[in-house]
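A.B. asks: Structure below; questions to follow.
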Amino acid sequence: MPQGQIVRAVSGFYYVRTAEGEWQCRARGVFKKRKQSPLVGDVVTVEPTEPGQGVVTAIASRSSELVRPPIANVEQAVVVASMREPGVQLELLDRFLVHAEREHLRVIICLTKGDLVEEATEVDKIAAVYDPAGYPVLVTSVHTGQGITELASQLAERLSVFAGQSGVGKSSLLNAILPEAELATGEVSRKLGRGRHTTRQVEILALPEGGQVADTPGFSQLSFQQMEETALGECFPEMSVRASHCKFRGCLHHNEPQCAVQEAVERGEIDAGRYRHYLQFLDEIRQQRRY
Ligand SMILES: Nc1nc2c(ncn2[C@@H]2O[C@H](COP(=O)(O)OP(=O)(O)O)[C@@H](O)[C@H]2O)c(=O)[nH]1
Ligand SMILES: [Mg+2]
Ligand SMILES: [Zn+2]
């Protein structure tokens with residue numbers, strides 16, 4: 001039976017890209033009973049019913065599963081922040097990074113609207129924060145073309161999502177890489193009513209270089225619900241690599257003695273701002289657990 005990938009889901013129909021073209025499919029009833037549902041990004045088996053139509057009968061196991069937006073098998077997150085309009089908010093950037101790490105995604109940081117920055121040192125300062133954490137930082141501009149080729153080459157051969165607050169230029173970047181996408185840009189931030197996000201269409205777009213991207217808001221749920229305190233440090237790579245040198249197992253790198261992370265912060269090896277955000281997120285997790 002044909003195998004393929006769900007590239008779009010619209011009101012109960014799954015559009016499966018197979019070697020023989022795109023099939024419009026329903027999901028077999030058994031998934032509902034198992035409280036399982038196919039997701040965009042799933043690799044599935046299709047049982048043909050009539051030409052171009054079929055039923056999804058099996059879902060291959062997923063390498064990752066994002067809840068908001070609902071998408072499976074994403075491998076990479078392009079975390080987007082703009083240098084201007086709005087200016088970079090490092091706390092928000094770190095929040096997106098934690099969520100990407102939590103899903104074990106490869107990460108690229110993309111600083112957009114480079115054309116609006118006069119001082120190159122401004123960008124260097126941000127790169128100096130994220131280089132030691134192991135994140136590649138790309139500066140882009142859809143007006144001058146800066147960084148667009150580099151970004152496109154980073155997207156080849158894997159499924160990526162773009163994450164970042166509204167207005168930072170995610171859709172503009174996708175349009176620059178894939179002009180036929182013709183995504184709407186410049187939309188003002190809307191307050192979405194409850195439940196609205198479920199009707200929002202998630203679509204996987206194929207890139208000429210062979211990779212795929214999904215234009216989604218990306219991790220629109222940015223609270224740390226259901227996150228264990230001890231899991232947070234693992235989402236900061238520069239802390240995670242040092243945690244085995246902390247005296248105590250399960251060290252939260254806060255008040256504990258002989259903590260390798262706190263020592264690295266004091267020596268300036270871990271960025272103080274990143275560490276401050278870590279403590280702030282840790283506090284948020286603790287507050288949530290109280291209820
Ligand atoms: N100057 C400048 N403006 C940009 C750039 N990229 C996007 N914008 C503008 O930023 C606004 C938001 O862009 P959009 O792609 O819709 O952001 P999204 O909400 O993240 O998808 C639009 O008015 C774009 O024209 C850029 O590289 N330079
Ligand atoms: Mg957009
Ligand atoms: Zn520690």
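Including glycine, each Cβ sits where the backbone N, Cα and C put it.
On a predicted model such as this, the values are computed, not experimentally measured, just so you know.
The annotation GTP binding site is assigned in TrEMBL to Thr112, Lys113, Gly114, Asp115, Gly164, Gln165, Ser166, Gly167, Val168, Gly169, Lys170, Ser171, Ser172. Annotated Zn(2+) binding site per TrEMBL: Cys246, Cys251, His253, Cys259, in sequence order. According to TrEMBL, the domain 'CP-type G' annotation covers 63-222. The domain 'EngC GTPase' annotation in TrEMBL covers 72-220.
Map these features onto the structure and tell me what's around them.
C.D. replies: Sequence-distant neighbours of Thr112 (GTP binding site) (same chain, six or more apart, CB under 8 Å from its CB) are Val80, Ala81, Ser82, Met83, Thr140, Ser141, Val142, Val168, Gly169, Ser172, Leu173, listed in sequence order.
Annotation note: Cys259 (Zn(2+) binding site) sits in a coil segment as assigned by DSSP. A 10 Å cutoff on Cβ-Cβ distances gives Cys259 (Zn(2+) binding site) a total of 21 other Cβ atoms nearby, all chains included.
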A.B. asks: Using the recorded Zn(2+) site (Cys246, Cys251, His253, Cys259) as reference, state which further residues of the same chain have their Cβ within 8 Å of the centre of those residues' Cβ atoms, listed in sequence order.
C.D. replies: Gly233, Arg242, Ala243, Lys247, Phe248, Leu252, His254, Glu256, Gln258, Ala260, Val261, Gln262
A.B. asks: Including all protein chains displayed, how many Cβ atoms other than that of His253 (Zn(2+) binding site) lie within 10 Å of its Cβ?
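C.D. replies: A count of 25.
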A.B. asks: Please report the number of other Cβ atoms within 10 Å of the Cβ of Cys246 (Zn(2+) binding site).
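C.D. replies: Result for Cys246 (Zn(2+) binding site): 21 other Cβ atoms within 10 Å.
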A.B. asks: If you count other Cβ atoms within 10 Å of each one's Cβ, which of the binding-site residues Ser166, Ser172 has the most?
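C.D. replies: When each Cβ's neighbours within 10 Å are tallied, Ser172 leads.
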A.B. asks: For Cys251 (Zn(2+) binding site), which of the binding-site residues Gly114, Gly164, Ser166, Lys170 has the nearest Cα in space?
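C.D. replies: Of the binding-site residues Gly114, Gly164, Ser166, Lys170, Gly164 has its Cα closest to that of Cys251 (Zn(2+) binding site).
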